[in-house]
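Undergrad: For reference, the structure I am asking about is given below.
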Amino acid sequence: MLPAVIDALPQAPERGRAFLDDRRPPTPCLVIDLDTVRESHTRLREALPEARLYYAVKANPAPEIVRQLARAGAGFDVAGREEIELCLDQGARPETISYGNTVKKARDVLFAFKVGVRRFTFDSAADLANLAEHAPGSTVSCRILVDSSGSRTPFGQKFGCVPDMAVELLVRAAELGLDPEGVAFHVGSQHLDPHAWDAGIAAAAEVTRAVAERGVLLRGLNIGGGLPGRYRDEPLPLSAYVSAIRESVGRHFAVPPDLAFEPGRALVADAGVIRSEVVLVSRKADTDERRWVYLDIGRYGGMAETENEAIAYRLATAHDGTPDGPAIIAGPTCDGDDVLYQRTPYRLPLALRAGDYVDILSTGAYTQSYSSVSFNGFPPLKTYFVGGEPDEVGEFAGRHVLAEFSGVSPKLLNDAAFLCESLERALDKAGATVCDMTFKQFEPQGVTVLALLSESHASIHSYPERGSVFVDVFTCGRRADPELAVQLLRDMLGASVAITNTIHRGQEDR
């Protein structure tokens, strides 16, 4: 019997919304509960203990998530060089990384091999040739085409090859000196049918038998992702999917293969909540029953999976439980396609007004990573993190940069809004995460700005009468670059002179 913890529901919405209510950050923003990420990882590992778990980094590549999962012992399914570097930077070992993208440049294969990655997936003769040349001796799997039309976000025909071709490619892989491990497939993302994996497992078993008849023994099976998150269409308990997959493997394979799976959405979706603000509520005609509710987040700000209304998110407001009515939900941009839900029936409280919050639940996957850089001038979706294991102070705690700028315009040094914006932009470009920011305007002149960071803190203290400003930036860990933040701030202020000092904290003190 599967342990009850496997089907336990996450508490992320409550913890994330409590953070939002307490901190009240600018909207729109995403909060990720790292405790829920770790809990989801535990549930999946306990559900399929016989399988290797590779987190599909594309679902949410936040360094904080990757770091927590690396500590928990997860493997990582990556799409390219940048995700490999991300995983290694956050503590993942190269042997835990699987380069699952079948569309990759030869130089990226070479890079992966040089840093120690030894597991790859391919689906073509061209990619196989690249692997043989640039990743000799590596362990490889061939991805086959399967029908993913039943999923909410099907993959179409882009990835995989027909089973007959897979047989030839796997035999060729052995001839080229590679280690053919087995067959891989993916049923598409957000699959509600627990039997959706059966056809792929059956096809993989046929390929395995055909390859064995050619003298090459395969030992592995990668069933990809597809396990669902909790949206408006409630999925079955996790145990139902696991039982169906396990039964299918046992039915189609005479000898149980070494199983692997690549959850993304199932690991992080339920860990996230987006808080948005109502910009406007209107009707197109006095007789129109449906209101248009415009939010400050839309298709380009993180809600890309509402395209074709594929993913119907659960919504929550402070007016829930009061009289409601039908609504069309749209984003803030001047693109006519920026409509989240027009065909999908949604009902929202009639009391909902501009300035009210709408929380979008289970938004930890495929939101922030899909948000555009600056469409219509709207910035990318800001992300905050709660929970998780604290970073260890061991070898290297961080860097503390103290600086004094002079030759700065007194007018700028007395402009609190400008100083706040400049500090936030500099910190963001330097890789720091601003959790909160406050300032104090002094009389007759002078401003102090304080930023609380996920990594620690930063502050500005201006002296307009002297044309000078003192800057203090401290970041723990290696992800953020406080020296870069200080340099960017100097450029924004136009300082002619800068005196800086960096203190290395931890065992690298010098």
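Sequential numbering from 1, following the chain as shown.
Including glycine, each Cβ sits where the backbone N, Cα and C put it.
Just lifted these from TrEMBL, have a look:
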type	residues	note
ACT_SITE	CYS334	active site, proton donor
ACT_SITE	HIS461	active site, proton acceptor
ACT_SITE	CYS476	active site, proton donor
DOMAIN	35-269	domain 'Orn/DAP/Arg decarboxylase 2 N-terminal'
MOD_RES	LYS58	N6-(pyridoxal phosphate)lysine
MOD_RES	SER456	pyruvic acid (Ser)
Undergrad: Within its own chain, what residues at least 6 apart in sequence put their Cβ under 8 Å from the Cβ of LYS58 (N6-(pyridoxal phosphate)lysine), listed in sequence order?
TA: ALA79, GLU83, GLY264, TYR366, SER369
Undergrad: I need the least crowded one of these recorded positions (CYS334, SER456, HIS461, CYS476), counting other C-beta atoms within 10 angstroms of each C-beta.
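TA: Counting other Cβ atoms within 10 Å of each of the recorded positions CYS334, SER456, HIS461, CYS476, the minimum falls on CYS334.
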Undergrad: Can you give me the Cα-Cα distance between CYS334 (active site, proton donor) and CYS476 (active site, proton donor) in Å, rounded to a whole number?
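TA: The Cα atom of CYS334 (active site, proton donor) is 40 Å away from the Cα atom of CYS476 (active site, proton donor).
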Undergrad: In angstrom units, rounded to an integer, how far apart are the Cα atoms of SER456 (pyruvic acid (Ser)) and CYS476 (active site, proton donor)?
TA: 6
Undergrad: Looking only at the domain 'Orn/DAP/Arg decarboxylase 2 N-terminal' (35-269), what is the model's average confidence as pLDDT?
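TA: Mean pLDDT, the domain 'Orn/DAP/Arg decarboxylase 2 N-terminal' (35-269): 95.
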Undergrad: I need the CA-to-CA distance for HIS461 (active site, proton acceptor) versus CYS476 (active site, proton donor), whole Å please.
TA: 22
Undergrad: According to DSSP, which kind of secondary structure is SER456 (pyruvic acid (Ser)) found in, if we only use helix, strand and coil?
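TA: For SER456 (pyruvic acid (Ser)) - judged by DSSP and reduced to three states - the answer is strand.
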